[in-house]
Structures are given as structure tokens and as C-alpha cells.
Amino acid sequence: MSSTGGGWAQLRQQARSLETQTETLFHTYSQYASMTHIPQKPSEEELRTEKQLQEVLEKREALIAQLSRLLDSESALTSSAMKQTHVARHREVLQDHRREYARLRSTIADARNKANLLSNVRSDIDAYRSSNPASAEAEYMLDERRRIDNSHSMADSVLSQAYAVNENFGIQRESLASINRRIVGAASQVPGINSLIGRIGAKKRRDGIILGSFIAFCFLMLLWFR
């Protein structure tokens with residue numbers, strides 16, 4: 001009984017350790033799937049990581065089989081529902097990791113196939129240009145013409161926007177002038193408003209004359225006492 005319990009605990013410890021190791025390998029392997037420019041051929045490190053993942057997954061499969069056999073060998077009294085749950089959980093995590101491994105491997109393969117395809121296309125273009133220098137020069141001139149046309153289009157767009165803004169400013173100035181004319185016209189039609197505005201202007205002019213006279217007087221007094 002005790003030897004069975006010891007074997008169970010040891011196998012479970014190994015299973016948890018391999019699960020942790022799998023997560024660490026996934027972290028390294030997923031970097032190849034997220035590379036912007038993946039190499040055309042897998043590096044030695046990538047191949048080593050992929051091989052380690054396969055080996056760890058196989059070891060976990062064997063450990064789960066051992067746990068299942070050990071659980072089956074126990075009697076109904078000693079076999080607990082908790083152990084069955086542990087085995088089911090280890091098997092579920094293994095299936096998830098196998099799916100994740102297949103997904104990463106497929107993503108890396110697709111990215112590498114695209115990179116190889118683009119590389120082959122570039123190689124074919126370069127080979128064609130090297131064997132047809134006149135055609136290559138004509139293509140270069142067409143590319144330059146397209147870039148110039150794009151620059152002209154951008155300049156025309158900027159000028160059009162500037163003209164539109166200037167026209168909008170003119171409309172706004174005309175609107176403000178019209179509003180000002182309406183206000184002046186409405187004020188002129190109100191009885192007594194013109195005389196009131198005139199008195200206000202006369203008072204301002206009178207105050208200005210008084211203030212100027214006072215400043216001149218102070219200035220003369222300052223010169224006199226000096």
C-alpha cells in the first residue's frame with residue numbers, strides 16, 4: 001500500500017515537472033512563430049527546441065499511462081476519486097499542449113513557405129533584370145515616373161485643401177460683415193440710439209481732452225520746478 005502511494009506521488013511529481021518544462025519550451029518555440037522575417041531554413045536552436053518538445057510530450061504520455069495502470073491496479077476501496085481527477089487533468093493538459101504545439105508548428109511552416117516564395121520571386125526578378133538590362137532600365141524609369149506622379153498628386157491635394165480653407169475664411173469674413181451691417185442697420189432704426197451713440201462719443205472725446213490737458217499741465221509744472 002505504501003509503495004503504491006509512493007510510486008503515485010513520484011509519478012505525479014514527474015508529470016507536473018514535465019508540464020512546467022513544456023511551458024518553458026513553448027515560450028522559446030513561440031518566438032519563431034512571431035518573427036517578422038523568419039529564416040528560410042530552421043536554425044539549429046529551432047530544431048533542438050522542436051525535438052525537445054516532441055520528447056517531453058512523449059514522456060508525459062508515458063507517465064499518464066503509468067498513472068492510469070497504477071490507478072487500475074488499486075482496489076475500489078483504495079482508489080480515490082481525487083486520483084482519477086488528477087489523471088484526467090494531466091491528460092487534458094497534455095491534449096491542450098499537443099494542440100498548441102501543432103498550431104505553432106503550422107504557423108512557423110506557413111511563415112517559412114511565404115518567405116521562401118517571396119525569396120524565389122525576388123530571385124527570378126533579379127535574374128530577369130540581369131539578363132535584360134534594357135528592360136530593367138525601362139522598369140526603373142517607370143518606377144521613377146510613378147513616384148513623381150505620386151508626389152504631384154500629393155502636392156495637388158495639399159493645394160486643394162489650402163484653397164478650400166482660404167475660401168472658407170472668405171465666406172466667414174463675408175458672414176461677419178453682413179452681421180455687422182445688420183446690427184448697424186437695426187441700431188439706426190431704434191429711436192434715439194444715434195443721439196445716444198453721439199453723446200457717448202462726445203463724452204469720450206471730452207474726457208480725452210481733459211486727460212490730455214491735465215497731463216500737459218503736470219509736464220509743464222515738472223519743467224518749471226526743475
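Each position is counted from 1, following the chain as shown.
Keep in mind that glycine also has a Cβ here, set from the backbone N, Cα and C atoms.
Listed features, source TrEMBL:
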type	residues	note
COILED	53-114	coiled coil
TRANSMEM	208-225	transmembrane segment
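Summarised as a single figure, the pLDDT of the coiled coil (53-114) averages 88. Within its own chain, the transmembrane segment (208-225) is flanked in space by no residue lying at least six positions past its ends with a Cβ under 8 Å from the stretch.
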